[in-house]
């Protein structure tokens, strides 16, 4: 039992290190997801930043708790284990909420209003943004090349270069354009990011549940060990009073002598 208790204690100490590292990883990935969502904020739906922000803050708190636990907790007292598991439970509840939030937004996200898209598409200041999106995600316009029907030409970023280059011409001729619109691509990209946010919170939550279970088992084993020691000490005390106490020995001898005299008289 003592060996199992020692193994659990060292497992918790190692768990504090893993917890701190997981906090750094969570904050890094949450920050990266925030950057991805904000990179094309003109085409990103609203109310999708919250889960990543929550995970970013919780990752920082987790890192701090792991660092403090590593430096100040040796898990030789029940109060330390209770404080540690309470902190994990609170963080786990918030992370579970963030994961559910991301999953709900993933299912509820919808296309942007057409008027809003047209405003962004027609604004000349956003033309470099559209060209960058079209070249990177292999799409064209809002809903396809037809969106450029009111303009003089379709930008080169809409051209499918892999199938449009004609080696017989001195100049490149675009014969094939990307048929899908960028609006649908950006919505799917946002959904993919939200799904990754959910998976990040789920992975972090599973780690914390494992540490909570280990801490609970350690607390139970610790309490059982203290209770067993108390019972052993009480048993030894009673045994010493019965067997070795001089007064008890004298009483036993007197009782035996009285019984012997009674038998002799009879």
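Positions of Cβ are set from backbone N, Cα and C atoms, glycine also.
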- Ranges 166-192, 193-219: which does TrEMBL label transmembrane segment? 193-219
- Task: Can you tell me which of 12-36, 82-104, 193-219 gets the most C-beta pairs within less than 8 Å of the transmembrane segment (48-70)?
- Result: 12-36
- Note on the structure: Per the Cβ filter (under 8 Å) with a sequence gap of at least 6 from its ends, the transmembrane segment (12-36) is approached by 49, 52-53, 55-56, 58-67, 69-70, 73-75, 81, 84, 88, 189, 193, 196-197, 200, 204, 207-208, 210-211, 214-215, 218
